[in-house]
Amino acid sequence: MSLIRGLVSTLYCLPKVYKWFYRPYYLLSLLMTVAFPIVRSCPGLCEYLPSQREDSNSCAFDWREVEILMFLSAIVMMKNRRAITLEQHIGNIFLFSKVANVVLFFRVDLRLGLLYLMLCVVFLITCKPPIYMGPEFIKYFSDSTIDEELRRDGRVTWIVEFYANWSPECQTFAPIFADLSLKYDCLGLKFGKVDIGQYAAAAERYKVNPSPLCKQLPSLLLLQGGRELMRRPLVDMKGRAVGWNCTEENIIREFNLNEMFQRCKKFKQPHEDEDEEEEEPESKKDK
């Protein structure tokens, strides 16, 4: 069922996926994902590879390689059951395919395995996933501006995401948070972000642990007047995040965004209230 859902999701978003491969990160990831099948089936190369096939055809997968690829498919399907976005589905395929390629290359030839592993390390160091650059109504805070901005107007409610650029979960969540800001931003409800990979002091003040072991990233805090009202995910006594999926539906439900938006969009700027007060005496004088 998860495989069918993944295929349907991929076909639905095929135009978007097609555009991804114009970006070096996704193009190189795709090439590294299919590296072993290409080498195994490429004339002029496959003839020199050992094989355990009974017919001694070194240009086709042997039974052990088929087992490894089937095991890879099972792991990808299991991991994609918890994937939220198409980016996560594709990312899981890339990640575990590279692991399978390492095993397959080492099994065939130690030199090929070391070469592929070295390419993976170089790729990891030099190629980073593209950062979301789409439309959004989000204010980015620094360590020195977050406190002042959150306390500037006690009537304004803020939803602040604490994130780190190195976190795959934060990169996946970026378009979801941006979409929420486009739908729910108003005078009384604002969206903000702070990069705790760069501003560690802010993470310490707001008690967000950036350690990958704690799995607190991304953390969403609902704040008003600088005071925390709630956060997701919750944190247990050991400092680890309680399991929670950062889907758009979960955020809307947990933070009660629809009701909050209806209440906060009635918020008026101070000068608007003064104008209304000035209009009332004038109307009484006319009467």
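Using the three backbone atoms N, Cα and C, a Cβ is placed for every residue, glycine included.
Record features, source TrEMBL:
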{"type": "TRANSMEM", "residues": "20-40", "note": "transmembrane segment"}
{"type": "TRANSMEM", "residues": "90-108", "note": "transmembrane segment"}
{"type": "TRANSMEM", "residues": "114-132", "note": "transmembrane segment"}
{"type": "DOMAIN", "residues": "135-269", "note": "domain 'Thioredoxin'"}
{"type": "REGION", "residues": "268-287", "note": "region 'Disordered'"}
{"type": "COMPBIAS", "residues": "272-281", "note": "compositional bias 'Acidic residues'"}
Helix-strand-coil residue split for the domain 'Thioredoxin' (135-269), DSSP-based: 44 helix, 32 strand, 59 coil
Non-local residues, at least 6 beyond the ends, that sit with Cβ under 8 Å of the transmembrane segment (20-40): 46, 49, 59-61, 65, 90, 93-94, 97-98, 100-101, 104-105, 112, 116, 119-120, 123, 127-130
Segment confidence, the domain 'Thioredoxin' (135-269), expressed as mean pLDDT: 91
